[in-house]
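Peer 1: Input: one structure, supplied below.
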Amino acid sequence: MTNIRKNHPLIKIMNSSFIDLPAPSNISSWWNFGSLLGACLALQIITGLFLAMHYTADTTTAFSSVTHICRDVNYGWVIRYLHANGASMFFLCLFIHVGRGLYYGSFVLSETWNIGIILLFTVMATAFMGYVLPWGQMSFWGATVITNLLSAIPYIGTNLVEWIWGGFSVDKATLTRFFAFHFILPFIITALVMVHLLFLHETGSNNPLGIPSNPDKIPFHPYYTIKDLLGLLLLILPLMTLVFFSPDLLGDPDNYTPANPLSTPPHIKPEWYFLFAYAILRSIPNKLGGVLALILSILILAIIPLLQTAKQQSMMFRPLSQCLFWILVADLYTLTWIGGQPVEHPFITIGQTASILYFTLILIAMPTMGLIENKMLKW
């Protein structure tokens, strides 16, 4: 058995990636979220495949095909709600995974970090297109509003939007192409995940201390496989609670009304995991400025390795930087809440303040605090 595991051309790749992989002996539960993201991706692909068997990407039948899945297909409602709430769990794990990378300085592994940012953008694009497919009111108007943002691009904006729409408004052509992209992107994400892991295994994993872990490593199996299984169990628990007890908790009631181009919902908003970026977009009165701020709110992650001024990689022994990190987390909570509120006083002011704070913390406060801590440690 050992010979097959170590000599077979395919199995030995699996062996060196998940069984005999030397892993740092001190990585905490914050490192579980990578494997949980893999589990979420697998769940989304499997449930999505079964949903695609019954879904029709046509404006006249899309809404009723989703209703048909829930009412007539055996356990169709379970598959549908596992897919919808699985996306929420996916993003929850994704945000924690990125947060852990920021806190413990994993961004110094630049190739892994940059592929991670590309993955984040791809997953966000996939989730956005998936939200359009049920063809409810919020699906239609969300698609209209978000795709329309591209019209802010000078010269080519209007042509670009009409090219994406496949006409002069969000219609059948838009729905069909969104379904096609929503189906293919998870497989592209899977390929990117493999590249992400390839780069990670080139350098080895970071650890909570932010120091080289070469002197003290343990095999991935059985230690971290058991640990990841426990994490998976703890993820399944809230997911199943959501699916079976309140499947529509994170959804929008407007999406149970079929799409109607002649009736605008009183408050157009995306799913909860996009609300922080949506709040930043809305906080700037200028359309192009808002779109740039929206993109930069995610793209800013790419320049974080350049902003690292502290001599210590991890924040574990930097209490002042820890304070700023948790202020950033609180700020993102605030932006998420603001994104779901109507555009009126005092929400506009709170949103603008939180948006300024978000960029200030990352671009100015954290690098400055790194320098201050170096001085305090006489480095």
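Yeah, the Cβs are placed from backbone N, Cα and C, and that goes for glycine too.
These figures come from a predicted structure and were not determined experimentally.
Swiss-Prot feature annotations, pasted as is:
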type	residues	note
TRANSMEM	33-53	transmembrane segment
TRANSMEM	77-98	transmembrane segment
BINDING	His83, His182	heme b b562 binding site
BINDING	His97, His196	heme b b566 binding site
TRANSMEM	113-133	transmembrane segment
TRANSMEM	178-198	transmembrane segment
BINDING	His201	ubiquinone binding site
TRANSMEM	226-246	transmembrane segment
TRANSMEM	288-308	transmembrane segment
TRANSMEM	320-340	transmembrane segment
TRANSMEM	347-367	transmembrane segment
Peer 1: Sequence gap of 6 or more, Cβ distance under 8 Å: name the residues on the same chain that satisfy this around His196 (heme b b566 binding site), in order along the sequence.
Peer 2: Thr112, Ile115, Gly116, Leu119
Peer 1: Counting a contact as 3 or more Cβ pairs under 8 Å, with residues at least 6 apart in sequence, do the transmembrane segment (33-53) and the transmembrane segment (288-308) touch?
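Peer 2: Since fewer than 3 Cβ pairs under 8 Å link them, the transmembrane segment (33-53) and the transmembrane segment (288-308) do not come into contact.
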Peer 1: In whole Å, how far is His97 (heme b b566 binding site) from His83 (heme b b562 binding site) when you measure between their Cα atoms?
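Peer 2: Counting only the Cα atoms, the answer is 20 Å.
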Peer 1: State which of the following binding-site residues has the fewest other Cβ atoms within 10 Å around its Cβ: His83, His97, His182, His201.
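Peer 2: With the binding-site residues His83, His97, His182, His201, fewest surrounding Cβ atoms within 10 Å: His201.
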Peer 1: Determine which residues of the chain contact the transmembrane segment (226-246) at the Cβ level, with the cut-off under 8 Å and only residues 6 or more beyond its ends counted.
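Peer 2: Contacts of the transmembrane segment (226-246) (Cβ under 8 Å, skipping residues fewer than 6 from its ends): 29, 32-33, 35-36, 39-40, 78, 81-82, 85-86, 88-89, 93.
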Peer 1: Rounded to an integer, what is the Cα-Cα distance in Å between His182 (heme b b562 binding site) and His97 (heme b b566 binding site)?
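Peer 2: Here the two Cα atoms are 23 Å apart.
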Peer 1: Quick one: pull the CA-CA distance for the residue listed as 'ubiquinone binding site' versus His97 (heme b b566 binding site), whole Å only.
Peer 2: 17
Peer 1: Should His97 (heme b b566 binding site) be counted as helix, strand, or coil on the basis of DSSP?
Peer 2: helix
